[in-house]
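Reviewing the structure listed below.
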Amino acid sequence: MTSFPVLTSLLLLPLAGTGLCLLFRRKPDLCRALTLATTLVMLALCAWVFCQQPDAAGWYLREDYPWIERLGARFTLAMDGLSLLMVVLTAFLQVIAVLISWHQKKHPAFFYALLLLMEAGILGVFLASDLLLFYLFWEVMLIPMFFLIGIWGHGRRVYAAVKFFLFTLAGSLLMLLAIIGLYLLHGKQTGDYSFALEALKHTDCGAWEPWLYAGFMLGFLVKVPVVPLHTWLPDAHTVAPAAGSLDLAGLLLKTGVFGILRFAFPLFPQSAAASLPLLAFLALVGLFYAAWCAYIQGDVKRLIAYSSVSHLGVIMLGLAAANVLALEGAILLMLCHGLTTGALFALVSMLRRRTGTRELAKLGGMWQEAPIFSCFFLFFALASLGLPGLANFSGEILVFAGTFQVRPLWGALAVVGVVFAAAYILRMVQELLWGERPAGRPWPDLTTLEVVALAPLVFFTLWLGLYPETFLAHLHLPVKILLEQAAPLVAAHGGLP
Amino acid sequence: MNAKLLFLIPLLPLIGAGINILFGMRFPRAARGWIAVAAVSASFVASCLLWPLSSGEGTRTVLATWLASGNLRADFGILFDPLAASMTLMVTGVSTLIHLYAVGYMEKEQDTARFFALLNLFVFAMLTIVLADNLLLLFLGWEGVGFCSYGLIGFWYRELKNARAGQKAFLVTRVGDVFFAIALLWLFSASGQLGIPEINAFAGQLPAAAITAIVLLLLAGASGKSAQLPLMTWLPDAMAGPTPVSALIHAATMVTAGVYLLCRLFPLVSLSATGMTAIALVGGLTAFYAATCALAQREIKRVLAYSTMSQIGYMFIAVGAGSVSGAMFHLYTHAFFKALLFMGAGCVIHLCHEENDIYKMGGVAKKSPLVTILFLAGLLCLAGAPLTGGFFSKDGILVAAYAAGGNGLRLAWALGTLSALLTSFYSFRLFFLVFTGPPRSPGKPHPLPTLMRWTLPPLALLGLFGGLFNLPSVWGGHELLHRLLTGSEAKPLVDHATELALTVTAVCLFALGLFAAVGLYRSFPGERPAWYKHFLLHGWQADRLVEWSLLKPFRAIARFCGLGLDQTVIEGTLHGLAGVTQKQGDRTRQLATGRISTYLHGFAWGLVLMLGWFLLEMVKG
């Protein structure tokens, strides 16, 4: 392992990029080039880490610096297989985000600066191994998204931005309380006041455990989002700009699931085990409820937003099943969902730029008009409905298999969800691509730049579908360790009713 | 011989599809079709050359791991045993002919890159079903054919009706896929295996109830793909697709995937007597249902669609009767003559000025004697005319069902026998309405492209003489297919006299159907609407039943969730919460009046509360 602080530079690079963008805000072209360069360098760094081997405890890299010594908070970053995959996804999607907002007209410099700031925030969430540091990044990541929606959004953007902010803030305040509670309990017990995740894992919380766990979980579940805490998501997506939607679906939602796996489960294994039936129930309800909601939507973007909630239901079910198959499947599905749903959102914003509307009722016959666009759209739609050989299927089938091993009935029920997915996806494809196109101006097909932005997504969707082993290989160890640390989860044997 | 070469068989069509997807738009139109033909015919040649690998237990080979996690492991693996090998040969062979036909058929179309890419992709997916050595890979093909048929049925997407038919096919078959997937998960969680030979070997250790449940789930899955009751409604509508698609997907290959699945897992399936009876009954009922529907159809391709459904019902009866070779035999002969009939129907429609309605046809015999003879050959096979391939395969199934005994099987046999009569009748009804008499609608026939005509004779020969592949010993044959698939001599199922009686019955029923059709349709009887015709024409109103019992509630719940619950209850509660917060905020703000006395009040009360709390803690401590 090198002594070069890779993780810290992963955080500092985008921050530097943010600074430079603000500095050169009068030269949008330069800002854009800088942003792209930054994201590409980050991606290269991540690719380098991806090729490394973890040590015996599962860490690829660890960096630890003193920070707020009086509180016992340290600047600890750590990367295991789980965070590695999330970081790689972040770095990858952020390149795409820059590409699809290439022609940003409104305050381009600030826009790119915020994109980079958000990247720093999200990466911090995935890397922080100190609870206070984690909380800091958790809040940092909100602010750029708030502005992205509030300034660059369409329609009722302020309403949606405030709603997004309030929901997640309410959740994260509860989490902050829980963090402080845990910190005090641990300090009282051991005399060592510390926010370090590894130390806090050994805290005996006694009667407080369910409350602390609930505090953490509420923060995360809002972000996932789990029905009925999901209503901020469709609104946020409806108004968010393309890159915002991509980041929201591809990355922000993943931070919730990631938080559960990294913090909530290992910190409070007893309560977690007890909560699994409830989680499974919420997951299944969400899966079907959101699918039904998606089916009836008239706005393509809202439809995809609800489909996102439905997919996250599958992921949450995987978490609730809590065995090797289901957990690996759930994490894999996070990657897949990030790619496919992100791509769909990108495509929808390309659509809107051409047609000026996202109302299915006013659209149709796209294949005639724009075959390349339609080809891409169909491809990602199929991936989203779980066609084997494309990304989502690999994750879903693992979740289903894992769940079925624990509780057959719930697994079987979840499988029924794929018909629902087919129903709303095919309805969307039907009304968008087929039929005659409505009268009006002709729409141009995708530009080369847009194809360039989408092609890598196609490539990785196929890769994840056909050879997920590349990514699963990084997950075997972290999932094993997680299940060892949170032994009650296994003892509860999924705990589903 | 290198076993890895087997991967060429499915991959060649995939490569063909890839070329057409990526570059097809830039190629001249003719090139697209020929790329597809080249890919499929190369695949056919490969399967011929690699045939020796299938001898004995067959060859199993793995290219790479697809998915591995925990104890789950699925490979890109091929199991090339006699069953798979013979199916591969049929699929690639018939597909090659259909692709050639399609080149002629699509001469005038514009968007052919999409068409030929999907056609090749379909063959790839079908071959994946046939060759896969584990259930998960089989499932990849299984869903793959579902998607390809979606794309191909809706090929002329500008008419929403066509796209909707494709959507229906995808959705209905996916309902079946769910059952298959649950069976797959069940088998995996019970045995920890996904490989087909492993599962077949393990099956004996499962409890009997579980086996029955799994077999019923597999039956439901197979019913979806093979258009059997109750998941059959998509097949007639699927005729919206171009005719080569109907020939390839809805006659020769995809719809037989269900039968093939049950045969592939036969060691498992055969362990459940209940399951076997259910399979036979579903087959028998579907054979009868579809045959009655075919009686009243007016579109030539819909007649053929219902007849396909009915014939696959026979294959299900065979599986239920425990005769894998019987099912596969009928599958092969049916593939030949049904592909022939569909492609012939394409020619007929061409000759009749793109007219689909058989009541408006007539007189095609004079327009093209060649097509007439070929089509008649197909119809004779379908109707089970003595000595044709269809006769032997259908007769074998009925004998097997009769011999199997048990009430369920007897009922299936009776339904099958009755359907044989109906089949003969509607086949000749079709013949007389289309080919004889004067033309009933004006219009000059389009000239037939050469390729469309000359791909039919090989199929006609295969259909007519297909009986030779598995000629029963009563007729002096050696039951080659049975020996190939089972590796053993066929034992006579019933005594000679019974078999003779059954055969004579079959011949009589064929003759009866023929005479009835001659009596009623030799000259055009005119359109005489009747309620029962209407009922049969609409497939016993199955669509309306599904609409009322499933789709309406589904949409109602969707509206309730998406527009009702989500927008009012959940949003309302949250807005209410926000409102309460705001109100509390306002009330709190009123406290900030600036009057010192109010503040002092608050301060005093707070102090009292805190002191009280401390005191309590101290007392407790």
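Note: Cβ is positioned from N, Cα and C throughout, glycine not excepted.
Because the structure is a prediction, the values reported are computed rather than measured.
Under the heading transmembrane segment, TrEMBL lists A:6-24 (among others).
Feature annotation from TrEMBL assigns transmembrane segment to A:31-50 (among others).
If you look up TrEMBL, you'll see A:81-102 (among others) marked as transmembrane segment.
Among the features that TrEMBL reports, transmembrane segment is placed at A:109-127 (among others).
If you look up TrEMBL, you'll see A:128-420 marked as domain 'NADH:quinone oxidoreductase/Mrp antiporter transmembrane'.
Taking Cβ pairs closer than 8 Å, the transmembrane segment (A:133-152) reaches residues 67, 73-76, 104, 106-107, 110-111, 114-115, 117-118, 120-125, 158, 160-162, 164-165, 168-169, 172, 175-176, 179, 195, 197, 219, 236, 239-241, 243-244, 247-248, 252, 255, 259, 263 in its own chain, all 6 or more past its ends. Here TrEMBL flags A:133-152 (among others) as transmembrane segment.
TrEMBL lists A:211-233 (among others) with the feature transmembrane segment. Counting only same-chain residues 6+ beyond the ends of the transmembrane segment (A:211-233), those with a CB under 8 A from a CB of the stretch are 138, 160, 163-164, 167-168, 170-172, 174-175, 177-179, 181-182, 185, 205, 248, 252-253, 255-257, 259-260, 263-264, 267-268, 271-272, 275, 282-283, 285-286, 289-290, 305, 308-309, 312-313, 315-316.
Same-chain neighbours of the transmembrane segment (A:245-268): 82-83, 86, 89-90, 93-94, 96-97, 100, 115, 118, 122, 125-126, 131, 134, 138, 141, 145, 148, 182, 197, 200-201, 203, 205, 209-210, 212-213, 216-217, 219-225, 233, 236-237, 301, 304-305, 308, 312, 315-316, 319, 327, 330-331, 334, 337-339, 341-342, 345-346, 348-349, 482, 485-486, 489, counting only residues six or more beyond its ends whose CB sits under 8 Å from a CB of the stretch. If you look up TrEMBL, you'll see A:245-268 (among others) marked as transmembrane segment.
Proximity of distant same-chain residues to the transmembrane segment (A:274-296), defined by a Cβ-Cβ separation under 8 Å and at least 6 residues beyond the stretch ends, is recorded for 210, 213, 217, 221, 226-227, 230, 303-304, 306-310, 312-317, 319-322, 407, 410, 413-414, 417, 420-421, 423-424, 427, 489, 492, 494-497. The transmembrane segment annotation in TrEMBL covers A:274-296 (among others).
Away from its own ends, the transmembrane segment (A:303-325) comes close to residues 224-227, 230, 233-234, 236-238, 249, 253, 257, 260-261, 265, 276-277, 279-280, 282-288, 290-291, 293-294, 297, 333-334, 337, 341, 344-345, 348, 360, 384, 392, 395-396, 398-399, 401-403, 405-407, 410-411, 414, 417, 420-421, 424-425, 428, 479-480, 483, 486, 489-490, 492, 494-496 of its chain (Cβ-Cβ under 8 Å, at least six residues beyond either end). Annotation source TrEMBL lists transmembrane segment at A:303-325 (among others).
The transmembrane segment annotation in TrEMBL covers A:331-351 (among others).
Only residues 6 or more beyond the boundaries of the transmembrane segment (A:409-426), in the same chain, are considered here, and those with a CB under 8 A from a CB of the stretch are 280, 284, 287-288, 291-292, 294-295, 303, 306-307, 310, 313-314, 317, 321, 381-382, 384-386, 396, 399-403, 496. For A:409-426 (among others), the entry in TrEMBL reads transmembrane segment.
Annotation comment: TrEMBL describes A:446-466 (among others) as transmembrane segment.
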Contact between the transmembrane segment (A:6-24) and the transmembrane segment (A:446-466) (at least 3 Cβ pairs under 8 Å, separation 6+): no
The transmembrane segment (A:109-127) in contact with the transmembrane segment (A:31-50), cutoff 8 A, at least 3 CB pairs, sep 6+: yes
Result, the transmembrane segment (A:31-50) in contact with the transmembrane segment (A:446-466) (3+ CB pairs under 8 Å): no
Close approaches to the transmembrane segment (A:31-50) from elsewhere in its chain (Cβ under 8 angstroms; 6 or more beyond its ends): 6, 9-10, 13-14, 16-17, 20-21, 24-25, 60-61, 79, 84, 87-88, 91-92, 94-95, 97-99, 102, 104, 108-109, 112-113, 115-116, 119, 474
